[in-house]
Structures are given as structure tokens and as C-alpha cells.
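Notes follow once the structure below has been shown.
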């Protein structure tokens with residue numbers, strides 16, 4: 001009989017992808033001599049793999065937020081309003097979101113290293129092409145930004161599952177924390193690099209040409225350093241527990257997982273807030289400075305990008321502190337309660353809301369206070385990143401993790417940062433009574449206040465997750481396909497049993513002891 005966990009497409013698999021398979025003549029003594037780790041990857045190679053994945057994740061977010069760092073220049077260059085500016089992020093996120101399930105499906109079945117290498121190479125080429133758009137073709141810039149989502153979807157859905165197959169328990173949480181450090185650090189570097197390259201070159205187009213070169217380096221590292229681990233082997237599961245089910249079966253199982261669904265809605269709130277701030281915060285701070293007379297308006301490029309630089313530095317520092325403190329608080333709280341992870345996520349969102357509100361309100365009165373409140377709000381917001389990923393990995397069985405990552409990406413972006421930048425820009429345009437500097441600032445200020453209320457809602461979803469986390473974690477740890485089929489049969493059609501000389505239809509549960 002064929003191994004149900006092995007890949008089915010030869011050209012998409014390699015020797016390291018033999019998930020749980022053995023040589024026919026290999027006995028226990030052979031394994032003791034080799035002493036190969038369960039994942040099939042040595043400890044040193046595992047560390048290098050995580051480093052390479054972190055580097056690529058950093059580039060991923062650098063590229064995503066470089067556009068936000070030079071947004072005033074792009075608005076001036078193409079002559080666009082807030083609504084069209086918001087589309088730059090929305091088009092990218094929509095492409096990224098709709099392609100995530102495709103790569104999630106492929107990542108659960110084929111060689112993940114090959115998929116990521118092709119995707120990152122494509123992303124690098126398209127990003128470089130987006131830097132050559134003439135001012136008459138704004139729609140082409142939108143198109144290329146949308147195609148960038150193809151490459152990023154191929155990576156973001158798969159990379160965390162490789163880390164999950166290299167480490168378990170506390171070590172996995174630590175490595176995921178390192179991996180997710182790249183989100184705030186890369187985002188901040190996007191603002192910093194974008195604004196500084198714009199200043200040095202005197203042309204915002206050059207800001208988009210930094211990450212493509214580094215992306216090609218990332219492909220080389222991915223091909224020659226990263227080794228594909230065996231799926232689920234590190235968790236010492238019997239082979240029969242690694243049977244793959246159909247995509248529809250995976251989705252049904254995920255939708256019946258309350259912890260996964262509720263934490264995904266909570267993470268959607270995080271995506272909504274971060275997506276809005278990522279695109280609009282530097283522009284908002286610039287308009288506040290123009291309104292108060294601290295900076296001249298941007299009539300002809302290059303525009304003043306110092307706010308992007310400061311915001312980038314704040315994002316890097318607050319992100320590092322937030323991710324590290326979130327992981328540490330969660331680790332300590334786990335000693336007292338198994339509900340620690342969703343409780344820490346809820347705390348982070350509920351504490352970030354008042355500080356973000358104060359940052360938006362104080363923008364015109366005190367720039368210093370605004371930056372302090374932004375720093376505190378982003379620090380608490382960043383506490384969620386590594387913890388949410390860890391929740392997904394321990395409440396979902398290994399053969400469904402890439403699909404779960406893809407589903408979470410789709411839902412969180414669909415209701416989160418896919419529409420939030422455009423929505424904020426649209427509300428800002430609708431509130432703008434005149435085209436004065438006062439209303440350019442005031443309308444954007446009022447529309448950004450939406451983020452504080454969304455953050456509170458996200459905190460409520462994580463509190464609800466805490467009610468189910470213990471049960472769902474145990475269910476994933478003790479998962480067997482036969483047990484899942486039995487659970488499904490309990491809700492299936494009745495079976496026929498003899499009663500008083502004739503056949504009678506009764507529920508399955510009534511004949512089980």
C-alpha cells in the first residue's frame with residue numbers, strides 16, 4: 001500500500017520530503033547509528049533555515065511598506081486623491097489574499113522550498129518593474145502592485161509551517177517570535193529605506209528598486225541553505241495520523257474549530273488597524289505638521305519624508321519590544337493558566353486602543369506626545385504576532401496547517417487590511433468639506449479614529465477564544481483520522497438495525513457503548 005503522507009508529484013519532491021517513510025531493510029540499529037533528527041534536518045541546519053526565512057520575511061514587509069514611506073511623493077507625482085492612494089495597498093492585499101488558499105493547498109502537498117523560490121523570484125521581478133511606471137499610467141502601478149501579492153502569498157502561507165516542522169512547544173514559540181520580529185522590523189525599514197533613498201536620489205522610483213536585488217539573494221539562500229523538513233515528524237505522531245484529507249474536508253474541520261475561527265477574527269482586527277496605520281500614519285503626521293505650520297506643503301516633489309523616517313524607527317523599536325514582551329508574558333502566564341495565549345492577545349489589543357486614540361487626537365497639539373502614544377499603541381498591538389501564529393499551529397493538525405494559514409490570511413485580509421486603507425481614504429474624502437490644509441488633516445484624523453473601535457472588537461474575539469483553547473488544543477494533540485470520522489458519523493444518517501423481527505432506523509450514537 002502507498003504511504004498516505006508522501007508527496008504525489010515527483011518533480012515537486014526531494015529526498016527530504018519523504019515524510020515518515022523508511023527504507024525496507026532499515027532496522028532500529030540503523031536509526032541509532034545515524035541518529036537523524038525526527039524532522040530530517042540537523043539542529044544547525046534548522047537554525048540557518050529559520051534565519052533565512054526571517055530574512056525573506058523582513059524583505060516581504062520592507063517591500064510592502066516602502067510605498068507608504070513615499071506616499072506623499074506618489075500622490076503628487078500621479079495627482080491622485082486619498083481614495084486612489086488607498087487602492088495601492090488594497091489591490092496588493094486582494095491579490096495576496098485570493099492567492100493564499102492556492103499556495104496553502106500546494107504547500108500541504110508539494111515541496112515547499114520550490115514553491116517559495118519560484119514565488120519570491122516572481123515577486124522580485126514584478127517589484128522592479130513597478131518602479132518604471134510613467135505618470136500617465138497609474139493603473140499600471142496598481143497592476144504591478146497587485147502582482148506582487150502573488151510572490152508574497154507563496155511565502156507567507158508556507159514559511160510558518162516549515163518552522164512548525166522543525167521545532168515543538170517552547171522552542172517553536174521562540175523561533176516563531178524571531179520569525180515574526182521581521183514584521184515590525186521589516187515594516188519600519190520599509191519606511192526608513194524608502195524615505196532615505198527618496199531623499200538621496202531625489203526620485204521616489206529608486207525606493208522601489210532596493211528590495212528586488214535583495215529578493216534574488218533570498219532565492220539563492222533558500223535553494224542552497226534551507227532543507228525541507230518532514231511534515232509532522234517532529235511531533236512524534238504515528239504514521240496513520242498524518243493521512244491527508246481533501247481540501248473540502250480540511251475546510252470543514254477548520255470551520256468546526258472554535259479557537260481557530262475566533263482567533264482568526266481577532267487577528268482580522270489586528271490586520272485592519274495595522275493596515276490603516278501602515279499606509280496613512282506617515283501621511284497623517286505630515287498633514288498635521290503642514291496644518292500647524294511646522295512644515296511646508298508638498299507642491300512639487302520630492303516631499304518632506306521625515307515623518308516616514310520617524311514613524312519607521314518607532315515601528316521597528318515598538319515591534320521588537322511588542323513581539324518579545326508578548327512572547328515572554330505569554331510564557332510566564334502559561335505557568336498559571338493554559339488560556340494564557342488568547343488572554344495576552346486580548347490584553348494587547350485592549351491596551352493599544354486608548355493609546356492610538358490619544359495619538360490621533362493629540363496630533364495637532366503636541367507632535368512629541370503623538371509619537372509617544374503611537375509608540376505605546378504599536379507596542380501593545382505587536383504583542384499578538386507570534387502568539388496568534390502559535391495558537392494556529394497547536395490547535396490545527398500538521399497536514400492542515402498551510403491550509404489553515406491560507407484561510408486565516410484570506411479572512412483577516414478580506415475583512416482587515418484589504419479594505420481598511422481604501423476605506424479610510426474614502427471616508428476621509430467624504431468628510432473633506434474643502435480642499436484646505438485644515439480639512440485635509442481633519443478629515444483623515446476623523447476617519448482614522450475607526451481603528452480604535454476595531455481594536456476593542458478584536459480584543460473581545462480573543463477573550464472568546466480563551467473559552468475554547470484548552471479543548472481544541474487537546475483535540476489537535478490527540479487527533480486520529482479514525483476518531484474524526486467517528487465524530488462525523490455521529491452526525492450522519494441513521495443506520496438500520498433489527499428490532500422485533502423487522503428493520504428499524506436508529507441514530508449511530510444509540511448503538512455505541
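Note that Cβ sites are derived from N, Cα and C of the backbone, with glycine treated the same way.
Keep in mind that TrEMBL annotations are predicted by a computer and have not been checked by a curator.
The structure displayed is predicted, hence computed values, not measured ones.
As annotated by TrEMBL, compositional bias 'Polar residues' applies to 1-11.
Taken from TrEMBL, the feature region 'Disordered' applies to 1-38.
Non-local neighbours of the transmembrane segment (47-67) in the same chain are 41, 74, 88-89, 92, 116, 120, 123, 127, 145, 148, 152, 155-156, 159, 162-163, 166, 175, 178-183, 185-191, 193-194, 207-208, 210-211, 214-215, 218, 221-222, 225-227, 278-279; each lies 6+ residues outside the stretch with a CB under 8 Å from one of its CB atoms. The transmembrane segment annotation in TrEMBL covers 47-67 (among others).
What TrEMBL records for 49-475 is domain 'Major facilitator superfamily (MFS) profile'.
Here TrEMBL flags 87-107 (among others) as transmembrane segment.
Annotated transmembrane segment per TrEMBL: 114-132 (among others), in sequence order. Listed as Cβ neighbours of the transmembrane segment (114-132) (distance under 8 Å, sequence separation of 6 or more from its ends, same chain) are residues 12, 56, 63, 103, 106-107, 141, 144-145, 147-148, 150-155, 158-159, 205-209, 211-213, 215-216, 218-219, 222-223.
The transmembrane segment annotation in TrEMBL covers 138-163 (among others).
For the transmembrane segment (175-194), the residues of the chain that approach it from at least six positions outside its boundaries are 50, 53-55, 57-70, 159-160, 163, 166-167, 204, 207, 210, 278, 282, 305, 308-309, 311-320, 322-324, 327, 378, 382, 385-386, 389-390, 393, judged by C-beta separation under 8 angstroms. Residues or ranges marked as transmembrane segment in TrEMBL: 175-194 (among others).
The transmembrane segment annotation in TrEMBL covers 206-226 (among others).
What TrEMBL records for 260-289 (among others) is transmembrane segment.
If you look up TrEMBL, you'll see 309-330 (among others) marked as transmembrane segment.
Feature annotation from TrEMBL assigns transmembrane segment to 342-365 (among others). Same-chain neighbours of the transmembrane segment (342-365): 259, 263, 266, 269-270, 273, 277, 284-285, 288, 291-292, 322, 326, 329-330, 333, 371, 373-374, 376-384, 387-388, 391, 441, 445, 448-449, 451-453, 455-456, 458-460, 462-463, 465-466, 469, counting only residues six or more beyond its ends whose CB sits under 8 Å from a CB of the stretch.
Residues annotated as transmembrane segment in TrEMBL: 371-397 (among others).
Residues of the same chain lying 6 or more positions beyond the ends of the transmembrane segment (409-427) and with a Cβ under 8 Å from any Cβ of it are 81-90, 93-94, 96-98, 100-101, 104, 153, 156-157, 264-265, 267-276, 278-280, 443-444, 446-448, 450-451. Feature annotation from TrEMBL assigns transmembrane segment to 409-427 (among others).
Look at TrEMBL and you will find 447-469 (among others) tagged as transmembrane segment.
When each of the listed stretches 138-163, 206-226, 260-289, 309-330, 447-469 is scored by C-beta pairs under 8 angstroms to the transmembrane segment (87-107), 138-163 comes out highest.
A Cβ distance under 8 Å defines the sequence-distant neighbours of the transmembrane segment (371-397), meaning residues of its chain 6+ beyond its ends; these are 160-161, 164, 172-173, 176-177, 179-180, 183-184, 232, 241, 254, 257, 259-260, 263, 266-267, 270, 273-274, 277, 281, 310-311, 314-315, 317-319, 321-323, 325-327, 329-330, 341-342, 344-345, 347-349, 351-353, 355-356, 358-359, 362, 404-405, 408, 455, 465, 469, 472-473, 475-477, 479. Annotation: stretch 260-289 has the most Cβ pairs under 8 Å to the transmembrane segment (447-469), among 138-163, 206-226, 260-289, 309-330.
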